[in-house]
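Peer 1: Next up is a structure, given as structure tokens.
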Amino acid sequence: MSYTDLANTIFKDITLSAEDYLKKYPKRQLKEGAKVVRYAPSPTGFQHIGGIFTALINERLASQSDGIFYLRIEDTDQKREVAGAIEDTIKTMESFNLHFNEGVTGENTEIGNYGPYKQSERGNIYKAFAKVLVEKGLAYPCFCSAEELNATREEQTANKITPGYYGSYAKCRDLDPSVAIKRINNGEPYILRLKSPGNINNKVEFHDLIKGDISFPENNVDIVIIKSDGLPTYHFAHAIDDALMGTTDVIRGEEWLSSLPIHVQLFDVLGFDTPNYAHIPTIMKQDGGSKRKLSKRKDAESAVSYYREEGYPVTSVIEYLLNIINSTFETWREENPTLDYREFEISLDKMSKSGALFDIVKLNDVSKNVISKMKASEVYDNYLAWSKEYDTEMADLISKDKDFATAIFNIDREVPKPRKDFGKWSDVKEKIFYFFDELFNKETIENIELPKSLTIEAAKEIIKEYMPILDLNGTQEEWFAALKEKAIEMGYTADRKAFKKNPEAFKGMVSDVAGAVRSAITHRTNTPDLYAIMQILGKDKIIERFEKFINN
Ligand code: GLU
């Protein structure tokens, strides 16, 4: 009996051949240099920031080259599948402006001519190609039980030999087809393995688009290609899918780098051209003196939901990730403050080869920049959307009077150097609470921040004296001149040198008086422009707060 008989026994139900599929999915007609890339998650959990990072790199490269970015769902490990994960992936990607040109669009829907894009629906395709390998004697059924495989591994370990199913340890690799057919017909369970043509003494030279030139020994292990449930392993499915879907560049996490020898070999035995590969460094975190992988369990910021809950605008997260992809993004951003991030061209060869370091402080800085460039109305809309979900008290307060809230957000904004005070929407409340009596009146005396040099008594004294001359009808300069005059009259000085030289001669500086006014109105020492705050609150409200402050 021949390999063909064996192939026909194993794949008796397969009707379409590998040739048929190659015809069904013709070469894509795209412009020179266009990249066809994919995001290929397994639906085994909810989206991790590393997933956004990978998807962003793929999406940018496709978009920059007028190529194709598609979503393939790698669900061949059905035991690990988590309900709702596909929907979550799609929703998350959409929310980060990562739009797919092709692929899965919902639990049971997809677009594009190279599908199905869900591996669980491609069973017959994998079998058609596995059949060709069996016919050529390049793949074979393996009947070894888990116990037998364990025994082999133990023997290898005891003898200090690399464990694995290869060479003479691959017991089923040379079974005569007639014996294999008999065992199959007897109903013995089996899996399919590749008969590896590799020799570990041979080196493969490879150019990774991020890691650069690398070399590794050929794979000599007879890896599983089809499991006992009839579904392919990731390795086998990856090679067939990326070949048939016309992927030009496989850009994926570096945890797959060690599987590259297998993948290169599979493309070879299947007769496909090997795509370009780029292995993305893992996102790391500084933990004390050492770096470690961002952990799903320990680090809240590893989950995509964290950014939403904290209220980081999507653009902030994207721009932060662009910084990690290419450190040149930061300079580009400074030079092009108003351009959309999509105008920045990412390049893989400028990417750091080792671990990308995740830094929340840096994310905050990037985000402050992003938010500072928004118009007040945009801040209002974004903050309202966020607060409706995460802080309904604020949502109610700012919806009551949209113009009032927009005026607050407009302080020190839409000017050449806008104020960078919000890094995320959850920062906003503490920065604007004093505009709302409902929040301001909840504060107690302990919450009041004062200029360092003032006691509460001195501050009360200042407010008492200042209250009668409060006038908001003039310009900011006039207002300040009046305050200064009053301050000097009270024994404060505008002359820093004189004050330094002879502090005993003065009660303090004019800035202390302005500071007391600020504290009485806002309970904080660090706020945006005080005069702008006063204009928004209006004289009546300020007098009310002054009185309350004095009588506190
Ligand atoms: N399904 C694999 C994963 O989720 C994809 C790897 C790849 O992009 O090839 O890690």
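Note: Cβ is positioned from N, Cα and C throughout, glycine not excepted.
Note: TrEMBL annotation is automatic and uncurated.
When I checked TrEMBL for this same protein, it listed these features:
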- CYS142, CYS144, CYS172, ASP174: Zn(2+) binding site (BINDING)
- LYS296: ATP binding site (BINDING)
- 36-363: domain 'Glutamyl/glutaminyl-tRNA synthetase class Ib catalytic' (DOMAIN)
- 452-550: domain 'Aminoacyl-tRNA synthetase class I anticodon-binding' (DOMAIN)
- 41-51: motif ''HIGH' region' (MOTIF)
- 293-297: motif ''KMSKS' region' (MOTIF)
Peer 1: For the recorded Zn(2+) site formed by CYS142, CYS144, CYS172, ASP174, name the remaining residues of the chain with Cβ within 8 Å of the site's Cβ center, in chain order.
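Peer 2: Everything else in range on the chain: TYR140, PRO141, PHE143, TYR165, ALA170, LYS171, ARG173, LEU175, ARG193, ASP222.
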Peer 1: Can you work out which residues elsewhere in the same chain, 6+ from the ends of the motif ''HIGH' region' (41-51), have a Cβ less than 8 Å from its Cβ atoms?
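Peer 2: Counting only partners 6 or more residues beyond its ends, the motif ''HIGH' region' (41-51) has Cβ contacts under 8 Å with 73-75, 77, 80-82, 85-86, 88-89, 92, 253, 282-283, 294, 296, 301-307, 317, 358.
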Peer 1: What parts of the chain pack near the motif ''KMSKS' region' (293-297), using Cβ distances under 8 Å and only residues at least 6 beyond its ends?
Peer 2: 45, 48-50, 282-285, 303, 358
Peer 1: Restricting to the motif ''KMSKS' region' (293-297), report the mean pLDDT as a whole number.
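Peer 2: 87, rounded to a whole number.
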Peer 1: Of the binding-site residues CYS144, CYS172, ASP174, which sits closest to the residue listed as 'ATP binding site' by Cα distance?
Peer 2: CYS144
Peer 1: Using a 10 Å cut-off on Cβ-Cβ distances across all protein chains shown, tell me which of the binding-site residues (CYS142, CYS144) has the largest neighbour count.
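Peer 2: Of the binding-site residues CYS142, CYS144, the highest Cβ count within 10 Å belongs to CYS142.
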Peer 1: I'd like the Cβ neighbour count for CYS172 (Zn(2+) binding site), meaning other Cβ atoms within 10 Å of its Cβ, all protein chains included.
Peer 2: 20
Peer 1: With an 8 Å cut-off on Cβ-Cβ distance and a minimum sequence separation of at least 6, pull the same-chain contacts of ASP174 (Zn(2+) binding site), or say none.
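Peer 2: Within the chain, ASP174 (Zn(2+) binding site) has no Cβ neighbours under 8 Å at 6 or more residues' separation.
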Peer 1: Ten-angstrom check, please: count other Cβ atoms within 10 Å of the Cβ of the residue listed as 'ATP binding site', all chains counted.
Peer 2: 13
Peer 1: Indicate whether LYS296 (ATP binding site) is helix, strand or coil by DSSP.
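Peer 2: Reduced to three states, the DSSP call for LYS296 (ATP binding site) is coil.
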